[in-house]
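What follows is a set of notes on a single structure, which appears directly below.
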């Protein structure tokens, strides 16, 4: 194990129209770790994801991935540094088939199967297609390869989006509310799925509202409120922290010892 | 002195461009919709007006002064056509695919309507230019050595008044506020109780009215109408809108006048053949150097475009 | 083959090449409403090289591709920063400026046009159409094609997946411009005369309609669109007068009926356009349709999987 954390966020800040959306946030994430990023609505969780993946450029602060400064790396190249993400609202390509969506995930890899001008399904299956199909099968998704993603149920699309991110072979996976909109059984399945991903050595950074999922999936949590970090520690103790309780329930409730309905 | 005369001419010509440019700007800023039927609506007003004045009005209303009534009916035709376009384009804009060409759907429909309306007019009235039997457009006044044609001066005044009224409407009335809410965020607008299906036709009605008025003013000023008259005006109005700034009413006004001036000065210095290059070149340079135009702001259509 | 059919096959082949040129831009989600401008550049470069320089066909035709492709490339870099209506306006303005420059250029014959000495018979445009189709089918079957479709669907996510969105768009736009140029070069030699009035804004509109109504999801779309909108008007040329006679006879008019105006065909094209946008805005040929036709037996099983998944 190297001593350098895989992800290190240092004093990150960004404002939109004079409003500080992220204010001096710092945290680190070890290789192979599982960190939850939580906080009330509008706390800036998705904004952090957008800063990490380069959709927004920060006003101040730094982001390091594997010790390397990636502040000036354009969003397009960040996936090449080993960082892939999912989206709060599923953003699969509506006119691409299931397998094609996963093949898009391979695009950033230096060792991707097939060159830019190599046919992907000419005369039987090419390597890229075969690899994508294998990955889908491995993750237990059985759909017709050519099927349009828009016709599939929500839970399956959510999984396909995860598989697309995995196809990039990331070191760090950013998951934006992976369990949102899933029913109980689907959430169970997702948990097992994420456990397997984590066991294979992928580091997880998860934005999630479901505290049950957060506690069973992640060992550590960072809590944001109004763009500031108010807690950084074990998930087990999050719900006893006075600042966190105040953020979720308002100052009057902060004297209560435990609130089970946090988030 | 000749140059000053050309500048005055440019201002006068510009008033028709301004009206059509404002029509374009309304649909783009509120609905994010480039409506290609606008030049055709302008033409419909002129041609229907001519047809009624030439072949005679119904109910025996024809007389030497029937032309204003004929033009009014022409304007009405333009409004009706515009509402027809709304029924078949914008009603279906809430599309399902959510990809980057979905804004193309109403645009392509409007291209379809352009073909339908223009060719129907050709079928009924033929492709030739027609003399409009209006008042003599030669009435001129001389102010300090500069000649101003009275009908043009009156048109200019009417157009400016109309735009002042429009700006007041957008700012101070319920409908105006609803329209601006839709322009900013269609989803939020419907939450606030603005019903898109009831308020969007207002935009098309205004578009039809503006085009109808512009068509009537054109017919009176130039004394000549043709099924092709929309193409030329349309291109100059689009150029005016872009130069002034997409989404800004006053920008469209300024842009329309600028294009009128550019046209007259180009004719003065380089001849009539160079007008096309000058006008479209101005548009292209604006798009490349300053896409928000001279007076536009970036906010319009942000996120949707 | 009769001269009538040779004429139709020639224009059909040219329209297919032209439609593929616009298709490559539309496939990345960029509406190119400047088709006439690119075709004009191709036609005039071939015509000028042939008429003024005495160049043979095997120089003029490739030159029409190259010149137009390079101009398209140089134009695409700045213009593709624009999106949506801005881009549509920009490409439209480009075509108008090109035509305006040609009118004002004495070397290119101005408004008079240029005669082209070399004549090509129908097999050359047909070969051009086949080549253009093969290029497009090949590109769309590669990883580049996958990326092109991804950029069309969602450019932000494509970027995050590591796709160089701008380069993909510029490359496809320029390649498309090259094909539009080829269609112009073929046009110049097939008709042995180029006239700037041919390359008007209506032409840009028609070719974009071929692509969008045919369907821009697969390379089948432009071919079907161009074929449909070239051949159907020809059918209507005979059909419309007969329909008029039939309608008139219902009202008791017998004997000679004046044939209907040519404009009726454009009215019908407009009506078809509006109806298509209402009922099938993704075009006649969609990816799902192609998928279904090429794997007729998969359909049932895929439905079964879906039902299982939902259950």
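Yeah, the Cβs are placed from backbone N, Cα and C, and that goes for glycine too.
Automatic prediction, not curation, is the source of TrEMBL annotations.
What TrEMBL records for B:12-34 (among others) is transmembrane segment. Only residues 6 or more beyond the boundaries of the transmembrane segment (B:12-34), in the same chain, are considered here, and those with a CB under 8 A from a CB of the stretch are 41-42, 89-90, 93, 103, 106-107, 110, 148-149, 152-153, 155-156, 159-160, 162-163, 166, 179-180, 182-183, 200, 203-204, 206-207, 210-211, 213-214, 217-218, 221, 233-234, 236-238, 240-241, 244, 246-249, 251-253, 255-261, 263-264, 300-301, 304-305.
What TrEMBL records for B:41-59 (among others) is transmembrane segment.
Per TrEMBL, transmembrane segment is recorded for B:65-85 (among others).
The transmembrane segment annotation in TrEMBL covers B:105-126 (among others).
Residues 1, 4-5, 8, 11-13, 15-16, 18-19, 22, 135, 137-140, 176, 179-180, 206, 210, 213, 217, 220-221, 249-250, 253 of the same chain lie 6+ residues outside the transmembrane segment (B:146-170) yet bring a C-beta within less than 8 angstroms of a C-beta in it. Look at TrEMBL and you will find B:146-170 (among others) tagged as transmembrane segment.
The transmembrane segment annotation in TrEMBL covers B:199-218 (among others).
For the transmembrane segment (B:238-262), same-chain residues at least 6 beyond its ends with a Cβ under 8 Å from one of its own Cβ atoms are 7, 10-15, 17-22, 24-26, 28-29, 163, 166-167, 170, 183, 278-280, 282-283, 286-287, 292-297, 299-301. Feature annotation from TrEMBL assigns transmembrane segment to B:238-262 (among others).
Residues or ranges marked as transmembrane segment by TrEMBL: B:269-289 (among others). Counting only same-chain residues 6+ beyond the ends of the transmembrane segment (B:269-289), those with a CB under 8 A from a CB of the stretch are 235-236, 238-239, 242-243, 258-259, 262-263.
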Message = How about long-range neighbours of the transmembrane segment (B:105-126): same chain, 6 or more residues beyond its ends, C-beta under 8 Å?
response = 31, 33-37, 39-41, 43-44, 47, 50-51, 81, 84-85, 88-90, 92-93, 95, 227, 230
Request  = Please give the sequence-distant neighbours of the transmembrane segment (B:65-85): residues at least 6 beyond its ends with Cβ less than 8 Å from one of its Cβ atoms.
outcome  = 35, 37, 40-42, 44-53, 56-57, 109-110, 113, 117, 132-135, 201, 204-205, 207-209, 211-213, 215-216, 219-220
Inquiry  = Let me spell it out: take the transmembrane segment (B:199-218), skip the flanking residues so only those 6+ beyond its ends count, and list any with a Cβ under 8 Å from a Cβ in it.
reply    = 15-16, 19-20, 22-23, 26-27, 30-31, 35, 38, 41-46, 49, 71-72, 74-83, 85-86, 90, 155, 158-159, 162, 166, 175, 178-179, 182, 225, 229, 233
